Amino acid sequence: MPKKVLTGALIGLLALVLFSGPAAVPGPIQPLPEVTLKETTFKQVVLDPPPLEAGGQILVSAGDFLPLAGGSADWYKNRGILRGSKGATVAAGNLAAEVEGVPRRLDAAPVLVDDKLYIPLSLAMEVLGLPATGRMGAAPEQESTDTYLPPLKGRAGLHFRYYPVYDLQARYDPVRGQLTGELLLAYQNPYPAPLRELFFNLPANALYGNGAKLTVSRVYINNRPVLFNSRGSSLEVFLPLSLAPRETLSLALSFTTRVPPGAVRLGRSGDTLMAAGWYPILAPRTGDTWAGVAGTSYGDPYFAAAAYYRVRLVVPSGYQVLASGRETGRLEEGGWTVWTFNSEYPIREFAFTAAPDWQLAGRQMGPVQMVIASRGEPAAAALEVAGQALDFFQATYGPYPYSYLHLAFVPLDNLAGMEYPGFIILSNRKSYSPATVVHEVAHQWWYNLVGNDSLHAAWIDEGLADYSTLLFYRRRDPALYQAKLAEIERLAGQTAQPINLSLEEYGNEQAYRLAVYNRAARFWLELEAAAGTAGLMQALAYVQRYYRYEIVPPQAMVTILTYYGRLAATNFTPYLRN
């Protein structure tokens with residue numbers, strides 16, 4: 001979204017007041033009325049199962065798409081029978097079809113993927129009695145290249161591409177080890193059903209927080225105080241009235257985060273602050289449930305839906321800040337420095353680090369300004385390989401939309417590095433490894449631009465980050481590639497566990513890393529061998545296009561890989577449970 005549009009949207013969202021009357025906790029849950037979604041375009045929604053592309057044509061799952069608008073699809077004796085305003089019959093792999101008994105040659109042949117019949121979107125629209133493009137009844141000058149969908153019946157698995165806007169401000173007191181903050185959230189319900197509550201995750205209060213404590217003191221919705229329940233790593237906010245699909249609210253809350261000593265992702269070590277998972281972050285939804293924080297100290301025990309961020313940080317004068325955003329201002333105020341940041345486009349979360357006396361170095365890579373903070377570490381080498389990786393992955397997976405990429409060497413005891421949106425932290429307590437930098441840059445595509453459920457499907461982002469690192473060295477340093485390939489094969493051979501267990505099921509960090517890093521990297525290598533490099537890259541590029549700023553469900557990833565890679569179930573079953 002252009003910045004001008006973002007600013008206007010933010011003002012509009014925050015100006016709306018949708019509720020009236022005193023705040024109240026919802027009573028016993030009653031069945032929600034069925035919702036019909038009108039004036040919806042194809043590009044506005046994310047479908048599950050996902051659409052596919054064939055020769056410039058869009059294909060949709062007939063058995064899932066047609067029922068959204070009152071139609072149906074059946075498969076009988078190798079023929080698809082489609083019903084709506086019109087009837088049609090099709091056959092998988094055949095351009096010949098019949099619509100209302102009249103022979104028709106389709107623009108693309110229907111295909112069977114994962115036992116689902118995919119048909120051209122244009123045919124689906126015709127069966128439903130609607131034009132394939134443009135808006136029904138619109139003047140020619142109002143016609144759109146997008147497709148206006150028929151009124152859709154709400155259900156889980158379909159949602160709009162709406163992204164919240166976080167306005168965060170916080171003050172860091174290094175003496176008390178405390179962040180005191182305010183969050184203003186503009187939120188538009190992207191789901192096809194009303195919401196009665198909003199859930200936030202408080203990662204600082206889980207094992208992830210290493211003894212940190214995040215306390216929420218008050219919550220307002222549309223300028224009215226509301227009841228909330230903060231328990232452990234979860235915050236439930238009760239809505240005064242159900243929030244209908246596409247309706248908007250503004251939420252404000254105050255919080256305090258006590259940051260413990262420790263060389264960890266949320267911690268203080270000497271005069272350096274590492275701040276990740278430090279504020280209440282809206283929980284993502286998987287199906288019709290809100291995803292919480294896993295009870296593990298290893299792995300990535302929470303994940304988030306993408307959102308726009310505008311952040312104001314106040315730190316003692318002399319401190320420098322690197323963060324998940326473009327620096328937009330810096331102002332001295334009586335012994336404190338006010339830093340402001342803007343994410344520019346949606347990001348998964350906002351992390352930052354702050355410390356005095358850093359040495360800063362920068363490099364311009366096209367439109368991307370790269371900055372690294374260090375205190376005697378090999379900053380120039382890290383910046384060089386980060387730039388090379390940025391170029392390589394843009395050519396491989398698609399453009400990097402942000403104008404910033406920040407790196408910082410910080411105290412980390414148990415990690416060589418950690419990825420955040422537009423921001424990478426590297427341990428100054430471990431030997432510098434260029435491969436770690438490449439791995440974390442790959443995460444800018446697999447974790448940030450396309451997210452996944454890291455509690456149950458870390459094989460997507462971690463496996464792809466390791467696989468992407470191998471691709472990088474295959475191209476740039478074949479000898480090192482062979483050495484790293486041998487190491488991954490050696491480690492992958494130490495486990496036979498499925499790569500899609502939950503974090504808790506692995507039981508410990510070693511078992512987790514062997515499965516979702518090493519064995520998952522071997523899984524991606526085997527998919528490449530089966531699909532061909534071109535087939536796998538086509539699939540991954542499509543995932544990047546369709547799920548940019550979204551969360552890709554594991555089954556959707558398998559569907560896309562199956563289609564573009566011409567793969568079979570036997571390519572997945574040795575690695576994926578269920």
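Just so it is clear, glycine is given a Cβ too, placed from its N, Cα and C backbone atoms.
If you look up TrEMBL, you'll see 1-23 marked as signal peptide.
The domain 'Copper amine oxidase-like N-terminal' feature in TrEMBL is assigned to 43-130.
Per TrEMBL, the feature domain 'Peptidase M1 membrane alanine aminopeptidase' maps to 382-561.
Per TrEMBL, the feature Zn(2+) binding site maps to HIS439, HIS443, GLU462. Cβ neighbour count for HIS443 (Zn(2+) binding site): 24 (other Cβ atoms within 10 Å of its Cβ, all protein chains included).
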Lowest local Cβ density (other Cβ within 10 Å) among binding-site residues: HIS439, GLU462: HIS439
Secondary structure of HIS443 (Zn(2+) binding site) (DSSP, helix/strand/coil): coil
Mean of the pLDDT scores, which run from 0 to 100, over the domain 'Copper amine oxidase-like N-terminal' (43-130): 94
